[in-house]
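Inspection log for the structure reproduced underneath, given as C-alpha cells.
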Amino acid sequence: MSNGTIVQCIGAVVDIQFPRDNMPKIYEALTLVDEGSSFAEKGLTLEVQQQLGDGVVRTIALGSSDGLRRGMQVAGTGAPISVPVGHGTLGRIMDVLGRPIDEAGPIASDEKRAIHQPAPRFDELSPSVELLETGIKVIDLVCPFAKGGKVGLFGGAGVGKTVNMMELINNIAKQHSGLSVFAGVGERTREGNDFYHEMEESNVLDKVAMVFGQMNEPPGNRLRVALTGLTMAEKFRDEGRDILFFVDNIYRYTLAGTEVSALLGRMPSAVGYQPTLAEEMGVLQERITSTKTGSITSIQAVYVPADDLTDPSPATTFQHLDSTVVLSRDIAALGIYPAVDPLDSSSRQLDPQVVGEEHYQVARGVQQTLQRYKELRDIIAILGMDELSPEDKQAVARARKIQRFLSQPFHVAEVFTGSPGKYVSLAETIRGFKMIVDGECDALPEQAFYMVGTIDEAFEKAKKLQ
C-alpha cells in the first residue's frame, strides 16, 4: 500500500499518480491523507475504476470533491470498500461506506465485508414457488409474489411506486418475523425520513437495516449504495435467515452508472445510457438470490422515464424479475389506487400448478373481462352503451365493478385519506373476484365496490347506498 498524488480532478472523477510498481487494483478503496485538507477529517474515499498506465489510476469520489486540488496525497487501503454487517446494523441508518448517519453512535459490529462479492454459484441456488401473501388484492390475484423471488414495481413519476412499496413493507415486514434491509438509492431524503419514523412507530425498527445514498449525493455514492445494502442482506442470508430486501429506486442506480460512465469517458450507447448497462444490472441482480442456506425476497421500485417501458433501463430490469407490477397513469387518473394495471402486470407464479386451479381461473377470468371492456371502450365512446349486445353490456358492467374492486385503502395512506387501511387475505380476494365474475354481484351498484376491502364490505356499502 503506497501513497499517490492527485494529478487531475473533473467533477467526481479524480486521477491519481502512484509509483509504477505499486499501483492499486481495480475497485480498491483509497483515502485522502493530505494534512492541510478539511477532507481528511471527513475521510473522503475514492474507488479505483481504471488503470490508465504510467502509474495513473482513474477513481470515482464517494463524497463531495469540492476543494480537491492537484498535489494532494492519497493512500491505498489494499482492499475494496468494506462495510459493517451483522446484527449491529439493525435499527441503524448508514451511508454508502457503512458509516452511521442517524447520530446514534458507532455501529456495534465486529465484522466487515467487501461490497464487491461474486454471485452465488449455480449449484448453491434454491428456487422457490412458495407464495408470499401481501394483503393487496390486485397483487395477490394477478401478479402473486414468490418467497425468495424478485419483484419490480414499475411506474412513471407520481403514480405511487413508493406508497405501494411502503404498504408492502407495512404488510409483509411487520407480519414477517424475519429481517429486512432497505436501500434508498438516489431517492428523496424526505421519503427516507418518513420510512424511518414509520418503522419506529410500528416497533419493527430493530429488525431493519437502512442504507441511504440520496438524490443530493455524488454519482459514486448512488452507484454503490445498492451493493452496500445487498452486502448486509447477504450476510443475514448466509446465516440461514429469510430476508426482505427493498430497493427504491433501481432506475437511479442505472442513472448513477450513466453519470459515472460519461465521466470516465466511455462512449454512450442507446438513449445515452452506459455501454455496460446490462452488465451493471446483472452484477447487482445476480447477487439478489436465494441459496440453500437462506432466501432474499427482493422488492424493487423502478422509475419508468416518460412512461416508456421500452426505455433501456426498465427493459433491462424486466428480464431479471419473477413478478412485474406495472402502475398506470390512466388508472391513477380514474382515482383507482393502487393504480396497478392488471393487464400489464404479470408473474411467473400465476400458474395453476403453483397457485392452484381456482386462483388461476379467477385471475384469468378477471383479465378476460377487463380486456373485453378495453376493446369495447371505443365503441361505447362513439355509439354509447345502447348499441352493445346484452352479453357485452354484462361484461362492461362486471368489468367496471372489477376495476373498482381492485382499489383498496392503504394503511400508509390513512393520514392522507382518512380511510382506515385494509388487509385482505388471499382466500377472501379469490372469493370476492369469483363472485363478481360469476355474476353473483350483478345487482349491486358499482360505487359499492370502490375503496373497500372484502366483498362482504361491498355488500354492506351497497345497503347504505340504497
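Any Cβ shown, glycine's included, is placed from N, Cα and C.
According to Swiss-Prot, the ATP binding site annotation covers Gly155, Gly156, Ala157, Gly158, Val159, Gly160, Lys161, Thr162. All protein chains shown were included, and the count of other CB atoms within 10 Å of the CB of Thr162 (ATP binding site) stands at 19. DSSP assigns Thr162 (ATP binding site) to a helix in the three-state reduction.
Considering only the binding-site residues Ala157, Val159, the Cβ with the fewest other Cβ atoms within 10 Å is that of Ala157. Around the Cβ of Gly156 (ATP binding site), 17 further Cβ atoms fall within 10 Å across all displayed protein chains.
Within the set of binding-site residues (Gly155, Gly160), the lowest number of other Cβ atoms found within 10 Å of a Cβ is recorded at Gly160. Within 8 Å of the centroid of the Cβ atoms of Gly155, Gly156, Ala157, Gly158, Val159, Gly160, Lys161, Thr162, where the record puts ATP, the same chain has further Cβ atoms from Tyr303, Leu327, Ala332.
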